[in-house]
Each structure stands twice: as structure tokens, then as C-alpha cells.
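Shown next, in C-alpha cells, is the structure this report addresses.
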Amino acid sequence: MIEWYYLVLVSAVLMGLASVLEKYILKDEHASAYSASFSIVTAIMALVFVPFADFNISAYAVALIFAIGLISTVSYILTARVYKHGNITISSPILSSIPQLFIVVFAFVFLDERLSLIKYMSIGVMIVVAYLLLFRANGKKGAVFDGKKYVYELAIVVLLMATGGVLLKYLLYYVTPYTYIVLVEVFMAIDMVVYMQLRYGGIREISHNMSRYGKPILGIAAITMVYRITYYIAVSTAYVSLTAPLRNTVSVVITVIIGGVLFKEKNILRKLALTAALLAAAYFLIV
């Protein structure tokens with residue numbers, strides 16, 4: 001059996017790579033259209049796990065998976081908007097660290113997960129570093145988003161990610177990771193199609209998006225399937241209050257390094273120093 005932290009590291013690296021590729025596509029693409037196309041492709045790809053899934057589960061479990069899928073759909077739409085209208089070396093660290101505080105608290109209260117003092121201190125360091133990433137080198141707040149509403153959307157995503165993360169761990173007590181990934185991806189695709197039909201051009205908009213960005217979306221979806229299933233397997237065998245902080249902290253290093261260079265974002269050296277601190281804190285989560 002592969003140790004959980006190896007699975008988390010694989011998931012983290014691939015998630016960071018996927019984030020950078022999404023930022024590249026979203027420079028010219030509408031966030032909602034991309035999210036809908038992406039969700040449909042990932043749902044189709046998730047069907048490869050059907051032979052390994054066990055669908056003999058309760059209606060309660062199905063309802064919970066649907067709820068998590070809805071939370072994930074809203075989170076994904078808002079995250080795509082934040083990436084499109086914000087600075088990736090700011091938004092990615094925040095989305096990769098702040099939700100972990102809430103995950104640790106929720107897991108402590110609802111899942112009875114207990115960590116050592118040094119692990120709690122490490123998570124605290126992550127929060128402080130994430131706060132510092134919100135400021136420019138001169139200590140003043142920077143205009144890192146196109147508008148204030150994206151800051152509010154970032155805050156909503158933080159809470160949704162934390163809620164979804166804890167619900168995932170709870171659900172994996174009752175279903176296998178393979179069952180979960182098949183059902184949740186299908187539910188998310190349905191949610192996105194309904195959303196696009198109600199607000200935009202529906203299937204026509206999705207088809208147009210796929211004709212323009214089909215190959216990049218297929219590539220990102222394939223990477224996403226791997227990083228999601230490896231993470232789900234890790235969560236099923238370890239505390240979510242350990243797996244979530246580790247994965248998200250490592251992924252942000254990949255995002256900052258590649259994204260900062262590729263998109264020529266400012267203050268990259270300072271951000272690299274801060275992400276190094278994130279990595280140091282992450283180390284103490286697995287020792």
C-alpha cells in the first residue's frame with residue numbers, strides 16, 4: 001500500500017500544473033463556458049473508474065454526493081473567475097492555504113480529528129504566510145484583482161472548499177473513492193449544463209467553447225482526473241486535516257514558480273520566499 005503522503009504529493013504537483021494551464025486558457029475564455037466544458041469532459045473521463053466502483057450505496061450517500069457536487073460546482077465557477085480576473089500567484093496561495101484553517105477546525109469539531117501541537121503550529125504558519133502574500137513588498141495593499149467583487153468571491157470559495165473537504169472525508173467512510181469520483185463528476189456536469197442553460201447559451205455555448213479549446217481542455221481534464229483520484233484515495237486512508245493542507249501547500253509552489261514566470265507577474269522573488277516558508281510548514285505535517 002502506497003503511503004498517503006506520496007499520493008498527496010503526486011496530487012499536489014498535478015493540481016499546481018492544472019492551475020497554471022487553466023490560467024493560460026482563461027486569459028481569452030469566459031470562465032463559465034470553460035467550467036461547463038471542462039465538467040462534461042471530466043465526467044466522461046471518470047467513467048473509466050466504473051469497473052472499480054461499488055454502486056450498492058444508500059440514498060443518503062447519493063444525496064450527500066450530490067450536495068458535494070453542487071458545492072464543488074459553485075466553487076469551481078468562482079475559482080475560474082478569480083483566476084481569470086486576479087493574480088495567480090496571489091489567488092492560488094490563498095485558495096491553497098486559508099481553507100485549510102477551516103478544514104482543520106471543522107475536522108476537529110465534526111470528525112474528531114486530533115493533531116499534535118507542532119502540526120497545528122505549522123498550519124498557523126501557513127495562514128500567516130498566506131496573509132503576507134496579500135501585500136506587496138512595500139507593505140501596502142495591492143490591486144491584485146480587477147474588482148472588489150472578486151475578493152468577495154474568493155472568500156466564498158474559501159468557505160465552500162473547507163465545507164466540501166470535510167464532507168468528502170465523512171462520505172469516504174461509506175463509499176469508495178472510485179464510486180465517489182464517478183458520481184460526483186456526473187453530478188457536477190449536470191449542474192454545469194443546467195447553469196449554462198439558465199444563464200447563457202446552453203449547449204450551443206459549450207459546443208463553441210469545445211471547438212476552440214478542445215485539446216487544452218482534454219489535457220487539463222486528464223491531469224485533473226489523476227490528481228483527484230490520488231487525493232481521494234489518500235483522504236480515505238488519512239486525516240483530511242493532514243492531507244488537505246499538504247496537498248494545497250505543495251501545489252501552490254508549483255503554481256507560483258511556473259505561473260509567475262510564464263505570466264511575468266510581479267514580486268516573484270518575494271512570493272517564492274514566502275512559498276518556501278509554506279513548504280517548510282508542510283514538512284512538519286508529515287513528520
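A Cβ is built for glycine as well, from the same backbone N, Cα and C atoms used for every other residue.
Taken from TrEMBL, the feature domain 'EamA' covers 4-134. Per TrEMBL, the feature transmembrane segment maps to 6-26, 33-53, 59-78, 90-111, 117-138, 150-172, 178-196, 217-240, 246-263, 268-286.
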*asked:* If contact means at least 3 Cβ pairs within less than 8 Å, sequence distance 6 or more, would you call the transmembrane segment (178-196) and the transmembrane segment (59-78) in contact?
replied: yes
_Quick test of the contact rule: Cβ under 8 Å, at least six residues beyond the ends. What residues does that give for the transmembrane segment (150-172)?_
61, 64-65, 67-68, 71-72, 74-75, 78-79, 81-82, 85-86, 91, 94-95, 98-103, 106-107, 110-111, 180, 232, 235-236, 239-240, 244
*Residues from the same chain, set at least six apart from the ends of the transmembrane segment (6-26), whose C-beta lies under 8 A from its own*: 34, 80, 83-84, 88, 92, 213, 216-217, 219-220, 223-224, 226-228, 230-231, 233-234, 243, 246-255, 258-259, 262-263
*Cβ-Cβ under 8 Å with the transmembrane segment (217-240): same-chain residues at least 6 beyond its ends*: 1, 4-5, 7-8, 10-15, 17-18, 21-22, 25, 34, 37-38, 41-42, 45-46, 48-49, 103, 107, 111, 113, 115, 165-166, 168-169, 172, 176-178, 180-181, 209-210, 247
*What counts of helix, strand and coil residues does DSSP assign across the domain 'EamA' (4-134)?*
111 helix, 1 strand, 19 coil
*asked:* As a test of reading the model: what is the averaged pLDDT for the domain 'EamA' (4-134)?
replied: 83
